[in-house]
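Chemist: So that we are looking at the same thing, I have put the structure below in structure tokens.
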Amino acid sequence: MQIKTFALSAAIAQVATLALADTSANYWQSFTSQINPKNISIPSIEQTSSIDPTQECAYYTPDASLFTFNASEWPSIWEVATTNGMNESAEFLSVYNSIDWTKAPNISVRTLDANGNLDTTGYNTATDPDCWWTATTCTSPKISDINDDISKCPEPETWGLTYDDGPNCSHNAFYDYLQEQKLKASMFYIGSNVVDWPYGAMRGVVDGHHIASHTWSHPQMTTKTNQEVLAEFYYTQKAIKLATGLTPRYWRPPYGDIDDRVRWIASQLGLTAVIWNLDTDDWSAGVTTTVEAVEQSYSDYIAMGTNGTFANSGNIVLTHEINTTMSLAVENLPKIISAYKQVIDVATCYNISHPYFEDYEWTNVLNGTKSSATASGSATSASASGGATTAAAHIQASTSGAMSVLPNLALISAFIATLLF
């Protein structure tokens, strides 16, 4: 029955992907890109080949045959996505006006308290009318026609490998290590980082990672107006398409801050949220907490791979692609691989065959990651561990320096029935 349960979850995920395809006049088809995602050739320059952060993070002008960025057509980098007049541009207004805003949930824009934290004062956490994750960690919307957030991998003893905030200019050693270990992750890219470091985004696709959206400027999304929320989504989608030739169907809210208003707006662009059920808090190491505390979180979560915690389903773990966290990831990945049967990206763990709007089929498979990434025999295991140590040392230096078709519902029902019975 466990196999059937997973198969059902995967089937539902695939159906949901298809069901959200025809939204807002297929806005993504208006995006342009000079990139063929099935055949990307990244220029060999110091920034793409070096593992010295100083060289990696030196500004470069992208090859015009691959990536052309006209600043007048984009929001200001790292500012809310309606800046630079984008909320008044014909391009954005075309998408905004294609949405029937009378159907949007009547949920107020959230505010911050004096300390800059989301103010949950007065919110009814018992009834949680808005499915506000920040207040209650709710992942099942209270309104219809919106997908549930994805928050865990359905397959038992599975580590859902995800990294936020990329592409980071100093990620070469980290991506090299993932490639050596044949590990694929869900990479949640920030639009501003994509246009700053387009070759980094291209590498994510070349290496076979699942690319998803993490907004344009990394705001607390429930504090933004409807226009601002839509713009954060829209321009991140446009940026990822420009740099990679692909438009994601999945996104992750910064800080996990999402409610049914934000979900509804995301759904108008065919986007489904991916949350997590374990948080390493890795970004805070040496900032608001100690490195030792983050290492303990890793150790606790690694132990869960063998102590029965995930005997019936897996996890999705929040980690980050930033200067202070990539070395922690590399140090812990060999132990994660040893403790879990699967270490895989979200698209694979949910058996999502088309994680992008374009005709680009996902071919990563269950059980493929660990068998190829885990050493068989003590000698090879030692080699894998050594590789982790070497990569971590390099990364540590940076801390100091398609056409979519709606499914036939009768066929879907019949298929799910065969899984259940």
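Cβ coordinates are placed from backbone N, Cα and C, and glycine is handled just like the others.
Not measured: the values here are computed from a predicted model.
In case it helps, Swiss-Prot gives these features for our protein:
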{"type": "ACT_SITE", "residues": "D164", "note": "active site, proton acceptor"}
{"type": "ACT_SITE", "residues": "H320", "note": "active site, proton donor"}
{"type": "BINDING", "residues": "D164, Y255", "note": "acetate binding site"}
{"type": "BINDING", "residues": "D165, H214, H218", "note": "Co(2+) binding site"}
{"type": "DOMAIN", "residues": "157-349", "note": "domain 'NodB homology'"}
{"type": "CARBOHYD", "residues": "N39", "note": "N-linked glycosylation site"}
{"type": "CARBOHYD", "residues": "N70", "note": "N-linked glycosylation site"}
{"type": "CARBOHYD", "residues": "N87", "note": "N-linked glycosylation site"}
{"type": "CARBOHYD", "residues": "N106", "note": "N-linked glycosylation site"}
{"type": "CARBOHYD", "residues": "N168", "note": "N-linked glycosylation site"}
{"type": "CARBOHYD", "residues": "N307", "note": "N-linked glycosylation site"}
{"type": "CARBOHYD", "residues": "N323", "note": "N-linked glycosylation site"}
{"type": "CARBOHYD", "residues": "N351", "note": "N-linked glycosylation site"}
{"type": "CARBOHYD", "residues": "N367", "note": "N-linked glycosylation site"}
{"type": "LIPID", "residues": "T390", "note": "GPI-anchor amidated threonine"}
{"type": "SIGNAL", "residues": "1-21", "note": "signal peptide"}
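I'd like these features described in context: how deep, what's nearby, how far apart.
Modeler: In the three-state DSSP scheme, D164 (active site, proton acceptor) falls into the strand class. With a cut-off of 8 Å between CB atoms and residues at least 6 apart in sequence, the same chain places F188, H214, R252, P254, L318, T319, H320, E321 near D164 (active site, proton acceptor), listed in sequence order.
Listed in sequence order, T134, Q220 are the same-chain residues six or more apart from Y255 (acetate binding site) with CB atoms under 8 A from its CB.
N39 (N-linked glycosylation site) carries neither a helix nor a strand DSSP state and counts as coil. Proximity of N39 (N-linked glycosylation site) to non-local residues of its own chain (separation of 6 or more, Cβ distance below 8 Å) is seen for none.
Under the three-state DSSP scheme, N70 (N-linked glycosylation site) falls in the coil class. Same-chain residues at least 6 positions away in sequence with a Cβ under 8 Å from that of N70 (N-linked glycosylation site) are not found in this chain.
The number of other CB atoms found within 10 A of the CB of N87 (N-linked glycosylation site), across every protein chain shown, is 18. In the three-state DSSP assignment, the secondary structure recorded for N87 (N-linked glycosylation site) is helix.
The Cβ of N106 (N-linked glycosylation site) lies under 8 Å from the Cβ of no residue that sits 6+ residues away along the same chain.
For N168 (N-linked glycosylation site), the Cβ neighbour count at a 10 Å cut-off comes to 26, with all displayed protein chains included.
Cβ contacts within 10 Å of N307 (N-linked glycosylation site), excluding its own Cβ and spanning all protein chains shown: 11. Secondary structure at N307 (N-linked glycosylation site), taken from DSSP and collapsed to helix, strand or coil, is coil.
Taking the Cβ of N323 (N-linked glycosylation site) as centre and 10 Å as the limit, one finds 20 other Cβ atoms among all the protein chains shown.
For N351 (N-linked glycosylation site), the Cβ neighbour count at a 10 Å cut-off comes to 20, with all displayed protein chains included.
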Chemist: If you measure N87 (N-linked glycosylation site) to N351 (N-linked glycosylation site) at Cα, how many Å is it?
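Modeler: On Cα coordinates alone, these residues lie 36 Å apart.
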Chemist: Quiz question: given the recorded positions H214, H218, H320, which has the greatest number of C-beta atoms lying within 10 angstroms of its own C-beta?
Modeler: H214
Chemist: Going by C-alpha positions, which of the recorded positions (D165, N168, H218, N307, N351) is nearest N323 (N-linked glycosylation site)?
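Modeler: Of the recorded positions D165, N168, H218, N307, N351, N168 has its Cα closest to that of N323 (N-linked glycosylation site).
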Chemist: Determine which residues of this chain, when D165, H214, H218 are set aside, have a Cβ within 8 Å of the centroid of the Co(2+) site's Cβ atoms, and list them as they appear in the sequence.
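Modeler: What remains near the Cβ centre is D164, G166, F188, Y189, I190, N193, T215, R252, P254.
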Chemist: List, in sequence order, the same-chain residues at least six positions removed whose CB sits under 8 Å from that of D165 (Co(2+) binding site)?
Modeler: F188, I190, N193, H214, H218, H320, E321, I322
Chemist: N351 (N-linked glycosylation site) to N168 (N-linked glycosylation site): how many Å between their Cα atoms?
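Modeler: Per the Cα atoms, N351 (N-linked glycosylation site) and N168 (N-linked glycosylation site) stand 27 Å apart.
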